[in-house]
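> According to TrEMBL, the feature domain 'Response regulatory' maps to 5-123. The annotation Ca(2+) binding site is assigned in TrEMBL to ASP10, ASP11, ASP56. Summarising the annotation, TrEMBL assigns 4-aspartylphosphate to ASP56.
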Amino acid sequence: MTTIKVAIADDNRELVQQIEMYFQNHAQIEIVATASNGELCLTMLKEHDIDVLMLDLIMPYMDGLAVLEHIRADEQYADLSIVMLTAFGQEEVMKNIVDLGATYLILKPFDFKQLETKIVRWARKNGDDSPTVDIVSEEMSPVDLHISNLLTEAGIPVHMRGYKYLQKAIGLVYENPSLLNGAVTTAIYPRIASMFGVSDASVERAIRNAISTAWTRDQHNMQALLQTNTLLELKPKNSEFIAFAVTSIKQQLAEQSEETIKL
């Protein structure tokens with residue numbers, strides 16, 4: 001079985017590490033190199049034999065569109081498949097990406113399983129002379145987008161089950177804050193467990209493990225992102241994390257609304 005060699009150009013180090021972890025020991029896909037800005041990306045391409053480049057749209061020094069232009073102007077990269085990553089779903093942005101010859105366009109935040117499927121599918125279709133852009137995205141509301149971004153930035157590993165459970169838990173409490181008035185074990189866990197076909201205890205344990213992992217890596221970063229005025233001596237309990245996250249997201253959305261009104 002031929003290994004698909006993948007490189008990543010993205011300045012979000014946490015996301016890059018999570019992608020590397022997800023594909024670690026993968027039977028078909030190998031992450032061979034990473035770069036944190038556009039200039040380093042071009043250097044990386046010269047130093048490594050790459051089949052697929054995951055390229056973020058917004059990067060320091062040289063953005064993804066500029067990198068894409070350089071690549072498509074160089075014949076030696078004619079067979080390179082490019083997966084563009086972007087949080088911007090505006091029609092004009094997507095049109096520019098398509099016009100410059102990207103293979104896939106994936107809207108952030110994205111599911112790693114979807115990414116894996118697209119890369120493997122590219123390998124099967126390699127050699128097809130009729131390039132098409134496949135836009136991969138989940139229909140996400142502004143609230144869902146903020147939840148996913150907060151969890152990723154807080155260091156919650158996307159590949160952990162607790163990530164998905166936290167997405168649902170924070171969304172439920174955002175819509176109905178009264179759920180936190182009672183015990184999360186009776187008000188929240190059963191709902192999430194029924195969504196995923198698992199036990200209440202599995203939900204609680206997976207969320208706790210996800211929070212613990214992020215807390216161990218960088219507790220100060222988590223505190224800053226949750227915008228809590230309380231210095232947490234110990235990692236937050238599941239209910240505390242959910243409550244802090246909901247408060248933070250409401251503040252972010254309120255600030256965005258104020259900025260929109262000013263414009």
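A Cβ is built for glycine as well, from the same backbone N, Cα and C atoms used for every other residue.
A TrEMBL annotation is a machine prediction, not a hand-curated record.
Keep in mind that this is a model prediction, so the values were computed, not measured.
Looking at the shown structure, what environment does each listed feature sit in?
Within 10 Å of the C-beta of ASP10 (Ca(2+) binding site) there are 23 other C-beta atoms, taking all protein chains into account. Secondary structure at ASP10 (Ca(2+) binding site), taken from DSSP and collapsed to helix, strand or coil, is coil.
If you draw a 10 Å sphere around the CB of ASP56 (Ca(2+) binding site), it holds 26 other CB atoms from the protein chains shown. Annotation note: ASP56 (Ca(2+) binding site) sits in a strand segment as assigned by DSSP.
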> Other than ASP10, ASP11, ASP56 themselves, what residues in this chain have Cβ atoms within 8 Å of the centroid of the Ca(2+) site's Cβ atoms?
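Apart from the listed residues, the neighbours are ILE8, ALA9, ASN12, LEU15, VAL16, SER36, ASN37, ILE58, MET59, GLY64, LEU85.
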> Near ASP11 (Ca(2+) binding site), how many other Cβ atoms are within 10 Å of its Cβ?
16
> Helix, strand, coil residue numbers for the domain 'Response regulatory' (5-123) per DSSP?
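Residue counts for the domain 'Response regulatory' (5-123) by secondary structure: 53 helix, 27 strand, 39 coil.
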